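First the structure, in the form of structure tokens, and then the observations on it.
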Number of protein chains: 2
Amino acid sequence: MVDIATRVWNHKWKIDPIVRSLIDTDFYKLLMCQSVHRNKPNTRVTFQLINRSRDIRLADLVDEGELREQLDHIRSLSLSRGESTWLRGNTFYGKRQMFSPEFMAWFEELRLPPYTLEKRDGQYRLTFEGAWPEVMLWEIPALAVLMELRSRAVLNQMGRFEIEILYARAMTKLWEKVERLRTVPEIQIADFGTRRRHSFLWQDWCVQAMIEGLGESFTGTSNCLIAQRREVEAIGTNAHELPMVYAALADSDEELAQAPYQVLADWHEEHVGNLRIILPDTFGTKGFLEHAPDWLAGWTGVRVDSGDPATAAETAIAWWKARGEDPTQKRIIFSDALDVETMLDLQRRFTDRARVSFGWGTLLTNDFRGLVPNDALKPFSLVCKAVSANGRPTVKLSDNPEKATGPEDEIARYKRVFGVGAQTPIPVTV
Amino acid sequence: MVDIATRVWNHKWKIDPIVRSLIDTDFYKLLMCQSVHRNKPNTRVTFQLINRSRDIRLADLVDEGELREQLDHIRSLSLSRGESTWLRGNTFYGKRQMFSPEFMAWFEELRLPPYTLEKRDGQYRLTFEGAWPEVMLWEIPALAVLMELRSRAVLNQMGRFEIEILYARAMTKLWEKVERLRTVPEIQIADFGTRRRHSFLWQDWCVQAMIEGLGESFTGTSNCLIAQRREVEAIGTNAHELPMVYAALADSDEELAQAPYQVLADWHEEHVGNLRIILPDTFGTKGFLEHAPDWLAGWTGVRVDSGDPATAAETAIAWWKARGEDPTQKRIIFSDALDVETMLDLQRRFTDRARVSFGWGTLLTNDFRGLVPNDALKPFSLVCKAVSANGRPTVKLSDNPEKATGPEDEIARYKRVFGVGAQTPIPVTV
């Protein structure tokens with residue numbers, strides 16, 4: 001058993017790397033990386049860290065020297081023999097050799113590219129530039145480092161015993177959630193909490209809690225390192241960065257309109273079954289589905305990641321019906337801003353109408369709300385996104401205008417091209 | 001930081017002695033032992049374990065072999081050099097050399113005498129016979145062993161993770177009590193929880209929580225080993241066994257009536273100040289105070305250990321006033337069945353009328369109520385008492401007839417001699 005409080009206490013007097021492995025990242029990053037490595041290896045991208053929670057002044061909380069030390073440590077990492085063996089030998093989503101020998105040979109040689117870091121307005125401006133397959137792998141470790149350094153900054157103000165009580169309370173809080181969830185034996189939940197986790201050890205503990213508490217209802221974790229260590233499934237499919245970069249590379253409005261479908265056409269060639277999950281909201285779910293080619297309706301399911309989740313699920317169900325598909329054979333994966341009550345509500349509402357599952361993120365691995373004074377450990381909305389590709393800005397609209405990113409004129413153009421009408425703003429907290 | 005969950009887990013596969021030191025006992029046992037060693041060294045006594053909670057079938061829960069192993073281990077213990085140094089060199093209640101060189105020389109040679117153990121009706125019949133100063137030192141370790149073996153028996157049914165969550169919850173529960181208590185800065189609380197503790201490690205943790213959470217309001221612990229390790233005050237004065245044995249030795253009703261005062265006369269010679277605390281309830285508080293000699297009114301305070309605590313405190317205050325003493329200069333130590341709300345109520349009620357303090361026992365060191373199914377870890381009422389002295393039965397009446405012990409005819413005789421009238425029964429839970 002890891003004594004988390006002791007480890008946190010030790011953080012006060014020695015350097016303790018936050019990210020210690022290149023597979024301490026989300027499984028879907030590796031799947032996407034393989035796809036990008038095959039289809040767009042020479043695309044140049046810029047990824048940038050963006051703190052949507054401006055009130056959390058990271059540059060005041062986190063020492064620049066420590067941050068550089070952590071980032072430099074990540075640049076020193078390479079795939080270990082055991083990690084490579086696991087990626088090559090494991091069965092993912094029922095498939096052997098998910099990662100091709102060509103991709104693995106490249107990955108084994110990989111070191112993460114340089115970063116640039118400066119302070120601005122109490123925030124860090126952290127950017128990564130270079131070849132897409134390399135730069136994209138910075139996203140998760142960069143987020144994990146900033147999140148954990150912020151946690152440590154707060155914990156450094158606390159006494160040894162206060163830290164122990166803090167974790168006792170956080171454990172109790174999570175376990176009470178687990179106990180609520182296991183009243184619904186058919187529920188299916190995976191850990192999607194790597195990027196916003198309180199700390200690595202805490203995420204690892206949360207996964208163990210889910211394993212012990214939920215049994216078969218816990219379907220796995222997005223974190224490859226934890227999946228390896230705890231011998232559970234690595235979970236994930238694809239993310240917004242694929243359509244965002246494909247769209248930025250489009251040379252005309254017509255190509256732009258087709259870009260999100262081209263992403264999935266490439267994916268269709270590479271993957272079958274449960275990996276064929278549509279993420280339809282990058283430029284608005286409604287328009288995406290209306291204009292989707294018929295072969296997409298044959299895919300296994302959708303992931304709902306912004307806007308009102310029930311509305312998005314209804315939209316998907318109506319779309320499947322309109323295309324002659326049986327929604328009860330389709331999977332709907334909810335992955336945005338989930339907590340226990342939301343999951344239980346959605347489960348009740350859709351359980352007989354589709355195959356429901358959940359990717360539970362921030363409020364699984366970082367719910368320290370109400371546990372320290374001034375709520376100094378409350379989760380916040382940090383992202384690390386592709387902001388440009390081959391010199392052109394990227395855009396994301398999503399189903400919540402509060403989550404839109406990109407230059408204003410480009411946002412307007414994308415809204416026009418993708419036929420996005422009025423959207424309901426929903427406050428973004430996590 | 002001790003990882004309690006790991007240690008408990010380890011209990012499943014190796015022998016782990018519960019009592020590892022002769023000073024893992026209550027301070028007042030050593031004070032009384034010194035007094036007995038000086039005044040009644042040749043008295044023969046029998047101590048017996050009595051489980052007042054018949055529904056906890058200890059002999060079904062606890063393996064006899066394990067119990068013998070633990071008891072035999074205690075018989076192998078002797079005072080270590082560091083323990084002896086601490087007892088000889090420390091200042092207790094502001095006094096150097098609390099323990100005389102003669103007593104220490106005897107104690108350093110001491111091994112605990114044999115025990116007899118048999119099973120009867122789902123309970124263990126555990127008795128100790130021999131010289132009073134030796135036998136009396138069995139009380140606390142015998143209780144601690146039975147309490148902890150029962151805890152282990154329940155924990156053995158649990159998974160590794162369930163154990164961790166259990167302790168997280170118990171820690172959170174205790175910390176919430178501490179947070180309630182520290183809203184009253186003038187409160188004074190000591191740990192009196194050795195005899196009914198969930199386990200040694202848990203008591204040690206509880207003391208650390210009190211140190212960190214209550215600061216100056218935590219006045220110390222009755223447990224000598226923990227006082228030594230955590231560098232806090234060892235707390236305690238005297239207990240019912242002194243008047244019970246003195247009374248049993250009385251050769252007439254007249255001697256019997258004087259016995260409780262003779263105990264305190266002996267104590268008066270040995271101790272001053274804060275050690276002069278009257279425990280008036282052994283044969284009924286009311287009669288004891290009415291017939292007490294005047295010099296007793298000059299003592300520092302009383303300890304309230306049975307019956308309704310507010311009533312007992314009022315009785316003491318009225319008695320001091322009747323004897324011309326100023327109650328605001330007197331100490332009232334509450335030590336029976338305390339939990340947070342009781343302490344806060346008593347503090348509010350008596351804070352301006354006397355010097356109030358608390359000896360918090362079972363619900364400090366063993367409050368696992370509601371934390372496991374069937375409440376299998378709820379505290380229960382186990383005692384280890386002197387049942388006879390020089391062949392005569394002992395009697396205890398207390399201010400709660402539910403707590404009375406001894407043969408019925410002797411109880412009747414004691415009630416007559418000490419003028420005990422109607423008493424209000426209060427259910428005994430802890």
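Cβ atoms are placed via backbone N, Cα and C, with glycine included.
Note: the domain 'Nicotinate phosphoribosyltransferase N-terminal' (A:23-146) comprises 62 helix, 26 strand, 36 coil (DSSP; helix = H, G, I, strand = E, B). The domain 'Nicotinate phosphoribosyltransferase N-terminal' annotation in TrEMBL covers A:23-146.
Look at TrEMBL and you will find A:187-421 tagged as domain 'Nicotinate/nicotinamide phosphoribosyltransferase'.
DSSP assigns A:His240 (phosphohistidine) to coil in the three-state reduction, placing it in neither a helix nor a strand. Around A:His240 (phosphohistidine), the C-beta neighbours below 8 angstroms that are at least 6 residues distant in the chain are A:Leu279, A:Thr282, A:Asp305, A:Lys385, A:Lys396, A:Ser398. According to TrEMBL, the feature phosphohistidine maps to A:His240.
Across all of the domain 'Nicotinate/nicotinamide phosphoribosyltransferase' (A:187-421), the predicted model scores a mean pLDDT of 96.
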